[in-house]
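Below is one structure, written out as structure tokens, with a few remarks after it.
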Amino acid sequence: MVVVVWCFLVFFPSWDETHFGKMGSYYINRTFFFDVHPPLGKMLIGLAGYLSGYDGTFPFQKPGDRYEQHNYMGMRGFCAFLGSCLVPFAYLTVLELSKSLPAALLTAFILIFDTGCITLSQYILLDPILMFFLMGAVLSMVKSNSSADRPFSASWWFWLSLTGVNLAGAIGVKFVGLFVVLLVGLNTIYDLWDLLGNLSLSVVMFGKHLLARVLCLILLPLALYTAMFAVHFTVLNKSGPGDGFFSSAFQSQLIGNNLHNVSIPEYLAYGSVVTMKNLRMAGGYLHSHWHLYPEGIGARQQQVTAYLHKDLNNLWIIKKHDMDTDLSDPSSPVEFVRHGDIIRLQHKETSRNLHSHQHEAPLTRKHFQVTGYGINGTGDSNDFWRIEVVGRKAGKLIKVLRSQIRLTHVATGCILGSSGKTLPKWGWEQVEVTCTPYLKETPNSLWNFEDHVNPKLPNISLDVLKPSFAEILLESHMVMIRGNSGLKPKDNEVTSKPWHWPINYQGLRFSGVNETDYRVYLLGNPVIWWLNLVTIGLYLLITVSTAVALKRGVQLTSEFKELSRVVLRGGGQVMLGWLLHYLPFFMMGRVLYFHHYFPAMLFSSMLTGITWDALLKFCAGFLSPSTSARKVYGGGFLVLILLILYSFYLFHPLSYGMIGPMASDPSSPMAGLRWMDSWEF
């Protein structure tokens with residue numbers, strides 16, 4: 001409740017609210033945009049804003065801009081509500097796994113009084129939405145396991161289906177939702193393997209179990225996930241800032257795009273005036289202008305670049321490589337360009353030919369320079385290019401928008417491409433175009449023809465060339481994957497490494513950078529995070545000791561046997577969840593931030609509840625008087641809860657806002673709390 005109330009009291013956007021709040025506005029305005037994450041989280045934010053009266057007009061330009069009269073409360077309140085649901089979800093999960101009320105309560109206390117969870121939950125972010133579905137999937141999975149003795153009952157079907165719904169929700173918010181899909185998948189494989197070994201179960205009944213899981217845990221999530229994108233593309237039907245990341249054929253379906261409701265010739269012919277768009281995300285249009293490459297940058301010839309905007313300097317004329325007749329003459333016959341033809345591309349504005357040679361490219365080493373060369377279309381053999389359509393046979397026609405083509409330089413064998421690198425000011429900060437000798441087929445070296453003008457050819461509506469939903473779905477995922485892998489840190493941006501996260505090494509500024517600002521700083525409650533870290537070590541020690549004792553045939557009481565089962569089975573599921581949500585980040589090449597650890601933190605918090613409950617019960621079990629045992633057990637929990645509460649009392653300003661001097665100033669009220677030099681609050 002304290003999170004839900006507080007989220008209304010900060011009157012300006014913080015950190016990534018400028019991204020996800022803006023994307024919520026795009027949904028309300030039906031404006032197409034691009035993001036590296038699947039659409040569900042942003043759609044829900046937009047829906048919450050729409051239902052609460054937000055009109056989608058706040059610009060979300062930078063943190064610190066005041067909301068003024070704009071109604072942001074619905075979006076923040078929605079995220080805060082989902083964030084607050086993590087507590088009962090974790091409580092019920094631990095209660096189901098351990099059958100221990102104190103273990104569940106300790107887990108709930110950890111999440112209620114963690115400053116990091118509070119901070120993430122009180123703003124317009126994807127993280128509380130992701131963690132809601134993630135924890136919903138884990139709780140549903142555990143409940144489904146508990147219903148295993150009543151297969152095909154109403155409750156069994158309910159929890160199994162709800163697991164699938166939550167899996168679709170988790171992956172529909174962020175691709176890291178795949179980790180909980182993997183967790184549920186491994187749990188399902190274990191259960192099916194166990195059923196296969198049950199000789200009292202017929203093969204037909206085992207087949208029913210298998211089909212039920214395929215239906216609820218594979219087909220249902222896939223159907224829901226696909227439906228999210230269907231809604232996404234239906235709602236965002238107006239041209240917007242995301243157009244350029246997608247293909248020309250896709251852009252032609254967006255209202256307001258220059259390709260919408262346009263009629264152009266379908267097949268490419270000699271004499272056509274065209275623009276070529278690189279298929280690399282933000283690869284740009286093939287472009288040239290009168291400016292030359294500067295001294296020392298290859299040959300001092302006309303620059304060829306990739307430009308991200310529509311421009312007359314993007315226009316090229318397709319000509320035969322061995323003749324220069326006037327193909328615009330109405331009396332001359334139409335001759336179509338075919339796969340495998342050798343062509344020349346003449347820049348319409350400057351009459352120079354697209355040219356390459358063995359001079360090194362300006363920025364990309366071992367690639368060849370691409371220039372504009374010749375006078376009035378007259379050049380040399382280095383102007384010749386072989387045009388090839390991906391997946392087509394020689395002699396096939398080339399379709400505008402839809403055909404993916406590559407241009408191979410005849411003289412050197414290199415392939416025309418956009419490197420994605422930005423040229424210096426002498427290149428007008430446009431994108432570098434090179435000719436790569438490496439023949440690997442990537443979006444960098446693939447192009448399509450977009451604009452197409454040829455008076456001798458009949459025009460067709462671009463609706464004929466519109467992609468199917470399956471093609472749009474595939475394209476959107478390719479763009480998202482490339483966008484994710486291309487995320488690199490910006491200047492002065494605070495990033496972190498995975499080994500920083502469990503030790504709470506470095507936080508993240510949500511708002512404010514100096515003592516005159518209202519500052520919120522994302523950092524976990526130190527006692528909680530370090531307790532979680534110690535508990536992981538303790539859990540491994542307890543697990544190994546218990547496994548060795550059972551293997552050696554040590555006689556345990558019925559109570560200790562039950563504790564061992566909880567530690568090995570219940571704690572093992574949670575430990576596996578932590579590993580799956582933490583270790584993969586060590587292999588990721590994209591930029592990483594502190595908040596990426598919070599799904600794993602949920603699992604380590606549940607593990608803390610289960611482990612300390614078992615540890616204190618083990619300790620109490622060695623004390624013979626029942627009164628002493630109860631004191632050890634109850635006292636241990638009381639000490640842990642008091643430590644958590646006191647630490648929260650000290651560090652709660654990190655979540656609820658700090659004013660005055662920075663903690664590095666001895667006069668700051670937070671000065672004594674900067675326990676690590678890497679904390680920058």
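These residue numbers are counts, starting from 1, taken along the chain as shown.
Cβ from N, Cα, C; glycine included.
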From 100-118, 461-479, the residue range that TrEMBL assigns the feature transmembrane segment: 100-118
Residues in the domain 'MIR' (265-321) grouped by DSSP into helix, strand and remaining coil: 3 helix, 28 strand, 26 coil
Contact call for the transmembrane segment (40-60) against the transmembrane segment (527-550), three or more Cβ pairs under 8 Å: no
Chain residues outside the transmembrane segment (571-594) and at least six past its termini with a C-beta under 8 angstroms from it: 97, 138, 142, 176, 179-180, 182-183, 186-187, 484-489, 493-498, 500-502, 506-508, 522, 536, 539, 543, 600, 603-604, 606-607, 610-611, 614
Close approaches to the transmembrane segment (100-118) from elsewhere in its chain (Cβ under 8 angstroms; 6 or more beyond its ends): 2-3, 6, 83, 86-88, 90-92, 94, 522-525, 528-529, 531-532, 566, 598, 601-602, 605-606, 608-610, 612-614, 633, 637, 640-641, 644-645, 647-648, 651-652, 654-655
Overall pLDDT of the domain 'MIR' (334-390), taken as the mean: 92
